[in-house]
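Annotated domain 'ABC transmembrane type-1' per TrEMBL: A:68-259, in sequence order. Residues annotated as transmembrane segment in TrEMBL: A:20-37, A:63-92, A:104-126, A:138-161, A:182-205, A:237-262.
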Amino acid sequence: MSASVLFDVPGPRARTRNALLTVASVILVGAVLYGLYSGFDAKGQWRAQIWQPFLEWETWEFYIFPGLLGTLRAAAVASVLALVFGAVFGLARLSDHRWIRIPAGVVVEVFRAIPLLLLIFFIFYLAPALGGPGDYTFMAVVVGLMLYNGSVLAEVVRAGVLSVPKGQSEAAYAVGMRKNQVMRLVLLPQAVTAMMPAIVSQLVVLLKDTALGYIIAYVDLLNTGFKILPARFFGSLIPAAIVIGIIYVALNMALSFLATWLERRSRRSRKTSAAPIAPPGAPAVGAGAGTGPVGGGVAAGHGME
Amino acid sequence: MEDLIRYAPDLALGFLENIKLSIVGAITSLILGTILVAMRVSPTPVLRVAGTFYVNVVRNTPLTLVLAFSALGLSDQLGLVFSSEPRTNSFWIVAMGLSAYTAAFVCEALRAGINTVPLGQAEAARAIGLTFTQSLRMIILPQAFRAVVAPLGSVMIAMIKNTTVAVAGGFAADSAANMKEAFDQVGASIPIFLGIVVAFMAVTLPIGWFTGRLARRLAVAR
C-alpha cells in the first residue's frame, strides 16, 4: 500500500493489532455472507429450477437481449441528443450577448433542478395531447434523459471551456482570430480533452437512469428482469434480478473504467493546457495536492443522479 | 390553474412524504456512509475490499433496480417486513433502499475529502510528535471535513430528488405518484407539474446555496 495520509507505516505492535483486526473482520464479513446465504436458502432461492432458465440460450435470446437492447437503444439515442443539447446550451451560456446567455442559463438551471422522474411523467402525459394516441414510452424516457443530462453536460462544457487558461484565447485574439475561430480552433479542442472524463461519467449516470423507464413500462432490461421474466418463469424473480443487476453493474463499471482511463490520459496529455475537470457532483480534489486514492478502487467518481 | 388548486392538498401531502423520506434517508445514509468510508480507509485489507465492493456495486446499479428489488425481492419474496400496514411497510422499504444507495455516494464524497488533504500535512503532524489520534483529530479530519461540505450537499440534493423514484419501491403516496394520479384524471397539466417542481426547488436550492456558502467560508487556503 502506498503512503497514506491516515496511517503510519505499521510497527510491530500495529502489525499485531492489524492481524487481529483482520481476523475479526474476516469473521464479521463471513457472518454477513452466511446470513445472506442462509436467508436465501430458507426461502428456497437456491433451488435449481428457478436458476435453470438462465442457463438456456432461449432465455437470453428472447428475453434478456431484447431488454438489454431496449436499454442500450434509449441510452444511445439520449446520449447523442444530450451531448448536442449540452454543447448548444453550454456554449450559449458563454455567449457575449445577454439575450442568449440568460435564457440558456435559466433553461439549464431549471432542468437540472427538476427530479428526472417527474420530467419523464410529464412528457409521457403531455405527448399524447400534442401528438395523438400512440406509444410514447421510448420518447418520454429519451426526451427526459436528454433534457436533464443535457443540462448537466452544458455545465460540463461551460466549465471545460473556462478551464482553458486565459492566455490561450488572448494569444489567439492577438494573432487576429475572430471570436468564432478562437472558440472553434483554440478553446474547444483543448476543452474537449479536459471534459472527456466528466462526459463519460455523466453518460454512466444516463445509462443508469434509463431504468426509470421501468416505471412508465418502457421495455428495458429492468422491465425484463422484474416483470417479463418472473411472469414467464414462475418464482425466479430473485435470480432474474441478480442476473440483470450483474449486467447493469458490468456495463456501468466498464464505462467508469473508461472514464478513469481517459482522465489519466488527459492528465498526461500535452495536447491541452487545461486540467481535466471534475465530474459533476464530485468533490474538487486539489490538483496535485492529493495523496492518491486512499483504499484504492475506481478513482473517477460519478454523480448519483 | 384550477387543476393545481383542486389537487393541491393531495400533492402537498405527497410532497410531505418526499420530505419525510428525505429526512430518514439523510440520517441513515450519512451514518451508513461514514461506516463504509471507515471500512474503505481502514488498515485492514478485508474491510477495505468489502467496502470497495459494496460501493462499486451499489454505485453502478440504477436506483430503480435497488428499490424494485427491495420491494419485490426482499419484502415480497424473502419476507423482510417492517410493518403489517402495507403503506408504512413500503415507506420503510423505500427508505432502506434509498439509504443503502445514497450511502455509497456519501462514502465516496467523504473518501475524496480525505484525499484532498496533502500527505505533507500528516508528515508534518508526525514530525512535531503528534500521536495517531491527535493528528487525525487536529490535523487531518478538520481539513477533510471542510472539503466535503459542498459535495455532501450535492449528494443530499440528489437524494431529495431521488425520493420521487419511491413508486418503484411500491410506495405510491409521494408527490410523483400523486402527480401521476392527477394526470390520469385531467391529463398533463402544466400548473400541477410546475407546482411540484417549484416545491422541490424550494427545498433543494437553499440547500445548495447554504452548503456552497459554508464550503467557501470553510475552505482551506492552500
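Glycine too: its Cβ is placed from the backbone N, Cα and C atoms.
In TrEMBL, annotation is done automatically, which means it is predicted and not curated.
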Positions whose Cβ lies under 8 angstroms from the transmembrane segment (A:237-262), at least six residues beyond its ends: 40, 45, 50-51, 53-54, 64, 67-68, 196-197, 200-201, 203-204, 207-208, 211, 221-222, 224-226, 229-230, 279, 298-300, 302
Leading stretch by Cβ pairs under 8 Å, where the reference is the transmembrane segment (A:63-92) and the options are A:20-37, A:138-161, A:182-205: A:138-161
Cβ contacts the transmembrane segment (A:138-161)/the transmembrane segment (A:20-37), at least three under 8 Å, sequence gap 6 or more: no
Long-range Cβ neighbours of the transmembrane segment (A:182-205) (under 8 Å; 6 or more residues past either end): 75, 79, 82-83, 91, 149, 152-153, 156-157, 159-161, 163-164, 168-169, 171-173, 252, 255-256, 258-260, 262-263, 266, 269, 271-280, 282, 300-305
